[in-house]
């Protein structure tokens, strides 16, 4: 449902940045108010990311007002905060389709708009990409500006600091904006600091600063004294010493919700040479009181009525796999004081809130630091503790070298609880958990499990926790099947699957939660169905038995076919000279766009009807 733009008269005049830049500066506060209201009313009707965007309204308006986008390059880190950017760059009327199949992408996306410089979704990439653009712009020599906007969470990642370290070395013209949306505005924010920002970013201060450096360049001790004096003077009122040490000129912190002050400061900083760093303080959820009070709860929202001042309560029902994991942690930690649970900033999403409160000394949130999370577990395992790394499939990609080098080579007992494995739905290409089986299966010493339901998940988590080497349990986003969960823990025999339906001619080897789809498809085909349970080691005896008793084998998984579980089945059969036709069903060799999980399963032929159809067509060849 498209919103009535006549209710937003100033916003109606700014459908593109070109139109925005024609508006009188005095109208910008009104524009921000209308943009914030429009965003709230739009996202509440479509669902999506809300609190982050509410906090970046003034910054977005100021950036597009001051800079000549898309000629000047604007990069948003992660992209949760970029909804106002989408609204102001010609996509306002499409906002009701965001995160939906064939609709607007949930994050900035190059194919969608010339204003989206970088396709994003994972954090902490903006400064590296911005630096590359800035170096190229400097060589181009046409005065093109580059701005990277990064949040206080994303900037904690090592990649961001690596980029800043390099930027200070090569010294190109670029601006990094730190959007610091902690819960309260810093005491440094206010008239004095806004005035200081204008002074420090102004041409007079810069001329004196640079001129003094040139005059004193031949006298190193005096030059160092001047540098330290300037640093200490600024340090009295600004917390930017760290960024200055990286070679950036630091300005701030300033109020990120004062659009006119932002415009003044950005205009000054636009003319400065070398790496610049602007620190702004914002409030996540700004302008909508429930989101201000609960920015985590309103980070991503379902459809809701803003006038109710609350989100709709979930209907309960079947537990999510994340909850199954969280309950396992609590139950297991009650028995095992050496259990240590690690998450890279995914406490809520991974189902670890209860555990973090009940076992705070065994809970470690390392922030957005996947590489560190994995090697932290290494140290704990060497010390004799029992670490579990809770991580999304898509983010485990960021700790791949550590998985190999720091865990698998030493055969350490670290378990990975891999959430969001398979298709996650609305977050699109950057978040689909399509590759974990492929990139883990080739690692020696790994044990990889794929549960078919909630109880299998619980018992596999126990199995992995008790295993004496590296292991992984991968499970999907969302609710389970309603299977009864056994409270007692039972370790599964490593590398053993089970036949759950006897048929003839065709055997479906199911890996993971597609098992109900396989069973439904098997009815009309009268096919055998096996729940393989283990991707590594494979149940080779069961594969051999199924190949002996059937004409065709079909593998089924929610992972890329390339290098996945099905590929492992074929590798074993070829090694053993078991010559039988094998049909691999799974995710195709392409990045999967957004849509609901059900829509994507149907589109890719991985629902029951699609599986049955694919097998029937294969048999007919």
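Each residue, glycine too, has its Cβ placed from N, Cα and C.
Record features, source Swiss-Prot:
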- 80, 121, 122, 123, 153, 154, 181, 288, 370: thiamine diphosphate binding site (BINDING)
- 152, 181: Mg(2+) binding site (BINDING)
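Residue pair residue 122 (thiamine diphosphate binding site) / residue 152 (Mg(2+) binding site) shows a Cα separation of 14 Å. Within 10 Å of its Cβ, the residue among the binding-site residues 152, 370 with the fewest other Cβ atoms is 152. Counting only same-chain residues six or more apart in sequence, the Cβ atoms lying under 8 angstroms from the Cβ of residue 80 (thiamine diphosphate binding site) belong to 49, 52, 53, 107, 299. Here the binding residues for thiamine diphosphate are 80, 121, 122, 123, 153, 154, 181, 288, 370. Their largest Cα to Cα distance works out to 32 Å.
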